[in-house]
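First the structure, in the form of structure tokens, and then the observations on it.
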Amino acid sequence: MLAGYVSADNVDEAKWLYERMPERNLISWNSMISGYLRCGEVEKARSLFDSMPQRDTVSWSVLISGYAQRDRFADALALFQDMQLEGIQPDETVLVSVISACTHLSALDQGAWIHAYIRKKQMKVNVILGTTLIDMYMKFGSVPNAMEVFRAMEEKGVSTWNALILGLAMNGFVKESLATFSEMKECNIVPNEITFLAVLGACRHMGLVEEGRRHFDAMSRKHGIEPTIKHYGCMVDLLGRAGKLTEAEELIANMPVPPDVSTWGALLGACKKHGDNVMGERVGRKLVDLQPEHDGFHVLLSNIYASKGSWDNVHEIRGMMRQHGVIKTPGCSMIEVKGTIHEFLAGDKTHPQSEDIEKMLDDMAKKLKMEGYAPDTREVLLDIDEEDKETTLFRHSEKIAIAFGLLTIDAPTPIRIMKNLRICNDCHMAAKLISRAYDREIVVRDRHRFHHFKQGSCSCLDYW
């Protein structure tokens, strides 16, 4: 009865029954914890867990998974550490949740430790666990480790292949990504909707317009998969990035499904990239009307006006943002050093090692000038003088994170940075030159893809 109430998300009836049970065993305790978690009552679930006279692996698994599903990743990791201290061996379900938590928290060291634990205990890596490991390593830019997991898996599902195809493309290995798709078909694994999202994503990361068109056409013609709004969005982004803005807008107009804001947003970003201010203004106005609370659309439209020197329009857009309570998402970069995540905002001077970071930034500036670096002040679309623009540029969050990485991470370990927004042109150029000047590999994951900087070049080949 208790399990039935929990399955029906009727936590009140489950609780009523639970409190009147003459005898409670582990199954009833675990069921009640699961019921609270299903209804989002996480604190009640934790309180019940803490009051249990004894716990089994399922008890830990239910709560850790519940934390992960509710985006409480730090709590999931902390509980997993408590589980280790009590000597409870985790099962595959726990490990999947914990690895996912490491991925979201940018905690590569902890994720790699869990992988080492799996190998030490000689645990079987099933499809779900293996796919989660591949996804984690790919999202940290650790492609060799992801490939190692993939090749060692005895059984691979379509989700496993999808994770590899998408991960390779995100990391700039587009040729290898598309070759993996061909290998997948040779192994008689039937592709699904997500597979084609990954394949089209690979094409857009390198501007392979014709190949993208071919795969988009093959979806329905060869595989009987009707394109969704996400697939159309990929094609719009592919065409837009390649500068085919008119064709991209025509595709939106002829789509069999109504375009969503993401699709229009891809076109707006392409207009900004290629300097089509006329189309950009038109699309930007449409998006601001459709989603007045979205900060990114306001910022892009404001930047388009700023690039034209239309400061009255810039002030109008910023006034609209204030009116709707829209706050621009600040640029944020994270870097893991010895198991601790350090987070930096643009212009950040709050870190305990801020003084050392400032000295390293000055050293970076000197070496960059020797490398021929000239700040791209177009990235600072404010009505201020050029010297102030240069100062603003050199305090972007990823540059601060790189400086901290140079101070704290010894070569040849790569400096890995996670950025919440798209990396700007100036930071991209600076990272290339820093990788050569300091002979360091720098890996930056921005909102859309990875950039592997090494000896003055980037894996994206300057196409992003």
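Glycine is no exception: its Cβ is also placed from the backbone N, Cα and C atoms.
Keep in mind that TrEMBL annotations are predicted by a computer and have not been checked by a curator.
These figures come from a predicted structure and were not determined experimentally.
Taken from TrEMBL, the feature repeat 'PPR' applies to 25-55 (among others). Within the same chain, residues 2-3, 5-6, 9, 11, 14-15, 18, 62-63, 66-67, 69-70, 72, 88 sit at least 6 positions outside the repeat 'PPR' (25-55) and bring their C-beta atoms closer than 8 Å to a C-beta of that stretch.
Within the same chain, residues 26, 29-30, 33-34, 37, 40, 42, 45-46, 49, 97-98, 100-102, 104-105, 107, 110, 121 sit at least 6 positions outside the repeat 'PPR' (56-90) and bring their C-beta atoms closer than 8 Å to a C-beta of that stretch. Positions annotated as repeat 'PPR' by TrEMBL: 56-90 (among others).
The repeat 'PPR' feature in TrEMBL is assigned to 157-191 (among others). In the predicted model, the repeat 'PPR' (157-191) has a mean pLDDT of 95.
Positions annotated as domain 'DYW' by TrEMBL: 372-464.
Taking H, G and I as helix, E and B as strand and the rest as coil, DSSP gives the repeat 'PPR' (25-55) the counts 22 helix, 0 strand, 9 coil.
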